[in-house]
Amino acid sequence: MTADRSGEAGAGPRPGDEAGTVPPIALIGPMAAGKSSLGRKLAARLGRTFADTDRLVVLEHGPIPELFAKHGEPAFRRWEADAVRRALVPGAVVALGGGAVLDEHTRALLAHATVVLVTVDEQTAERRISGGGRPLVADGIASWRRIAAERDPIYRELADTVVDSSRTPMAQLVDRLEAWLAERGL
């Protein structure tokens, strides 16, 4: 794990955070990293609400592959940004879609959240994306690799801490994050 964005461990609330509120925890990272699974388990452990922005988009607009086919990526990104805006409320744990960080308004909102970058190695990602349903990686791991490399600098700039889901059981990742959050009073 890394120090928070301020460079100081336990630096406290960020400018703009309301006094007395617990900032949301946002899980970002490449597709197939396990953000939703980790977020769900972390929220349960902490007794917080959980939201998956991809799931919110699906519930409101339909399956993501169909949205890409019918409306294109720009429309999907607008719906995704709206879902992120509504989900990032104080105290919530929110799993963001892999490309959500491409939106500048989403990045601005993340400045007021505790951001966890969930990484995954290529072999694990390949195993997880097999079976389809992910429109941006229809041709498999080559697309995943390219997209992950393009987005990685953004993920790392936004992240307060990093966990890798490749070989560590989710329960251990939750333990680590719970301890890391407790050290910072979050």
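Just so it is clear, glycine is given a Cβ too, placed from its N, Cα and C backbone atoms.
Quantities reported herein were computed from a predicted structural model and do not represent experimental measurements.
According to TrEMBL, the feature region 'Disordered' maps to 1-24.
DSSP assigns Ala33 (ATP binding site) to coil in the three-state reduction, outside any helix or strand. Taking the Cβ of Ala33 (ATP binding site) as reference, residues of its chain lying under 8 Å away and at least six apart in sequence are, in sequence order, Gly98, Val118, Thr119, Val120, Ala125, Ser165. Per TrEMBL, ATP binding site is recorded for Ala32, Ala33, Gly34, Lys35, Ser36, Ser37, Arg134.
Around Ser36 (ATP binding site), a 10 Å sphere centred on its CB holds 19 further CB atoms from the protein chains shown. Annotated Mg(2+) binding site per TrEMBL: Ser36, in sequence order.
What TrEMBL records for Asp54, Arg77, Gly98, Arg151 is substrate binding site. Taking the Cβ of Asp54 (substrate binding site) as centre and 10 Å as the limit, one finds 20 other Cβ atoms among all the protein chains shown.
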Near-site residues: substrate, ref Asp54, Arg77, Gly98, Arg151, CB cutoff 8 A to centroid: Met31, Glu80, Leu96, Gly97, Gly99, Ala100, Val101, Leu102
Secondary structure at Gly98 (substrate binding site), reduced by DSSP to three states: coil
Spatial neighbours, same chain, of Gly34 (ATP binding site) - Cβ under 8 Å, 6+ residues apart: Val118, Val120, Arg128, Ser165, Met170
Ala32 (ATP binding site) CB neighbourhood, other CB atoms within 10 A: 23
